[in-house]
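Take a look at the structure set out below.
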Amino acid sequence: MAALTDLSFMYRWFKNCNLVGNLSEKYVFITGCDSGFGNLLAKQLVDRGMQVLAACFTEEGSQKLQRDTSYRLQTTLLDVTKSESIKAAAQWVRDKVGEQGLWALVNNAGVGLPSGPNEWLTKDDFVKVINVNLVGLIEVTLHMLPMVKRARGRVVNMSSSGGRVAVIGGGYCVSKFGVEAFSDSIRRELYYFGVKVCIIEPGNYRTAILGKENLESRMRKLWERLPQETRDSYGEDYFRIYTDKLKNIMQVAEPRVRDVINSMEHAIVSRSPRIRYNPGLDAKLLYIPLAKLPTPVTDFILSRYLPRPADSV
């Protein structure tokens with residue numbers, strides 16, 4: 001058994017050290033670089049010597065990132081919910097990479113809110129999240145694929161453990177399940193072009209995707225706009241307990257995001273990137289096992305975590 005463990009370790013070590021050549025000449029385009037994973041990845045790839053094309057949502061974020069890095073990083077503005085913005089960014093990337101193409105596209109831009117019990121949300125709440133996390137990701141990918149194919153590079157899509165098991169209502173898990181399906185389908189389609197597609201499925205990390213507004217205030221707004229009949233069916237205790245549970249989840253969220261950034265980097269620089277990366281102990285020990293259990297078992301476990309509504313049977 002010890003020998004098998006050693007062989008497994010050596011195999012993983014070899015794969016992790018088996019890097020692509022000429023990294024300093026390769027271009028990487030990353031969305032969502034104002035803060036969080038995208039911002040840190042951009043800086044880490046610059047330190048590695050790669051040519052980084054970073055897309056930010058705000059001018060402030062763009063200027064700050066440019067100040068914090070070197071000439072190897074260039075920034076542009078991108079709103080992934082607007083087709084014209086995506087087209088402009090694609091042309092900007094095309095002008096930068098030229099005939100060599102784009103080595104890696106990293107679809108990192110994302111939002112997590114609004115989230116909550118599905119019945120408390122509106123269609124617009126779902127659309128707001130899905131347009132960024134899924135539709136925007138798809139449109140960016142479609143515009144960048146010719147350049148990635150030219151370089152025989154890779155696409156790295158930011159999903160989530162919530163793309164394997166739906167642990168919360170709202171558009172977040174819905175969009176991440178969509179990211180998984182889209183990534184799986186294009187990975188198979190692009191195989192013969194020599195393009196690899198990787199999916200990052202982090203556990204619960206503390207990033208700006210959770211928003212700046214106080215959680216209880218956000219949940220109170222959702223609660224107070226509900227019809228009285230709906231509020232009565234859940235009860236005030238449900239609202240209080242549900243909100244407290246969300247607070248607890250956020251409080252135990254992992255603040256050290258280095259594992260996520262290293263996973264993203266490995267997907268970009270390794271000759272043998274993995275199809276899926278699951279950074280975070282909660283991803284490995286909780287969410288992925290829950291996703292693999294029989295559905296009735298997963299339902300039983302997760303439903304026991306939810307509070308019981310006033311009108312429960």
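Glycine is no exception: its Cβ is also placed from the backbone N, Cα and C atoms.
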Candidate annotated as phosphoserine in Swiss-Prot, where the set is Ser161, Ser185, Ser270: Ser185
Around the Cβ of Tyr172 (active site, proton acceptor), the count of other Cβ atoms that are within 10 Å: 25
Neighbour tally for Gly49 (NADP(+) binding site), based on other Cβ positions within 10 Å of its Cβ: 13
Integer Å distance between the CA atoms belonging to Tyr172 (active site, proton acceptor) and Leu45 (NADP(+) binding site): 28
Listed recorded positions Phe29, Cys33, Gly49, Ser160, Ser185, filtered to Cα within 10 Å of Tyr172 (active site, proton acceptor): Ser160
Assigned element (helix, strand, coil) containing Leu45 (NADP(+) binding site), judged by DSSP: helix
Ser185 (phosphoserine) versus Ser160 (substrate binding site) - Cα distance in angstrom: 17
